[in-house]
């Protein structure tokens, strides 16, 4: 019944609205800019935004592409006006938000704002529930072009489940914004309210519909705020991990948002700051800085304006880097770029320097060819033929762009196939096929050619559905060796339509079950869009 209801709801939504993915020109590349929340929280005002705009225009951030200035929570009064419209806090914004919008636009920025889908914002200010059309018109009248819609204080109504209530409200906002003469960029925070459950079915379900309604979605926990307790690096790694689980959703017009860049957080080393930026760029994620911009160091401005990495982030393919391999300390991520080159990012999660020798085949490249590898941090280049040898400091990320003799490479989608709930890797060798903790190595790295999955440990053999069992057999092109990857994260067999299932081989496909949702390498065709 759940699956039937969702199918009907999805079909109705597609008939009633124009999906954001069908209008990628609204936001053809991920947004870059500034938001006050992680650095200042509710301590925002006109002076902060004027000083931020002035500093970004002077220090090169605006010229580098950081052109959004977005207010977060607490900008409004605690009560609506007699006509039910929202009002800005005149103590914080004495000249008003229309004036502020005009000021930042005159400098070359665009203007964004925050609201909440519930009856109150997270900070206790008026939410938009019941006032959606009025608030949308108000924002447009003020010159707002971007709406971040949070999801605090959303309660089920009309017999809906919590997930259905969120879809109802965010779908309503999408219809309103899409019907405006100049639609606003729509940032959805709905998935974050389902991310920390042991049963991820509702989170997966919300992630299924947010690309239809908005241009980006905050999919998980908030990044650690400046005044917060705990490890800023650990917070970055939590959001990094969540982002690796949802690569299948991203494409031009919709972007997974792992939250703000925090370059002036006192708990981060320079390597950690650069990793944060470099990984987000590798993901083609939004690059929204939350920091005291006038106080950023020259070194911070230097890496934040790295032209090569910004070009990666803004690449028109918008392909998200995915895991080529993973072991106890090191993640290797790859993606293809629009110019035909291959991006390789190597993250050291461990607490000491490591060296890795990474075979080109792990990266989806041909070990018989020569490549030029450009280090995107310092611009140095080296020739690579058989493997990439790299030394990576603790919590650092090395990033390379591989090109062939004609500037392009013929990459094959290659990487781990992992269960996004357990984190375990599909593992195949002469001993059989199953799931195990990810430890790196050829038996956990798969080539995806068309509909076939082949482990690098046995490239002549294909993942095969033997009834409910999995095996490796010589590739013969029959239905039992054909697999299709779906937006739900299901990997479906061409033989009787069962789904890959951790712990059960192949089983009947359920509704967004933890055991049946998988991450695959970038470049694999995703059905269901």
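Just so you know, glycine gets a Cβ as well, placed from its N, Cα and C.
Database features (Swiss-Prot):
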ACT_SITE  150  active site, nucleophile
ACT_SITE  208  active site, proton donor
DISULFID  42-74  disulfide bond
DISULFID  122-152  disulfide bond
DISULFID  425-438  disulfide bond
DISULFID  462-475  disulfide bond
CARBOHYD  45  N-linked glycosylation site
CARBOHYD  83  N-linked glycosylation site
CARBOHYD  89  N-linked glycosylation site
CARBOHYD  119  N-linked glycosylation site
CARBOHYD  199  N-linked glycosylation site
CARBOHYD  351  N-linked glycosylation site
SIGNAL    1-19  signal peptide
*With residue 89 (N-linked glycosylation site) as the reference Cα, tell me which of the recorded positions 45, 83, 425, 438 is the closest one.*
45
_Tell me the Cα distance separating the residue listed as 'active site, proton donor' from residue 462 (disulfide bond), rounded to the nearest angstrom._
29
*Work out the three-state DSSP category of residue 462 (disulfide bond).*
strand
*What Cα-Cα separation, expressed in whole Å, is found between residue 208 (active site, proton donor) and residue 199 (N-linked glycosylation site)?*
16
*asked:* Give me the long-range Cβ neighbours of residue 351 (N-linked glycosylation site): same chain, 6+ apart, Cβ under 8 Å, in sequence order.
replied: 394, 395
*Of all the recorded positions given, namely 83, 122, 425, 438, which is spatially nearest to residue 74 (disulfide bond) at the Cα level?*
122
*Pairwise CA distance, residue 438 (disulfide bond) versus residue 199 (N-linked glycosylation site), rounded so that it is a whole Å*: 21
_Nearest by CA distance to residue 119 (N-linked glycosylation site): which of the recorded positions is it, out of 42, 45, 83, 152, 475?_
152
*What count of other C-beta atoms do you get within 10 angstroms of the C-beta of residue 89 (N-linked glycosylation site), across all chains shown?*
17
*May I ask which of the recorded positions 42, 83, 425, 475 is closest to residue 152 (disulfide bond) if we compare their C-alpha atoms?*
42
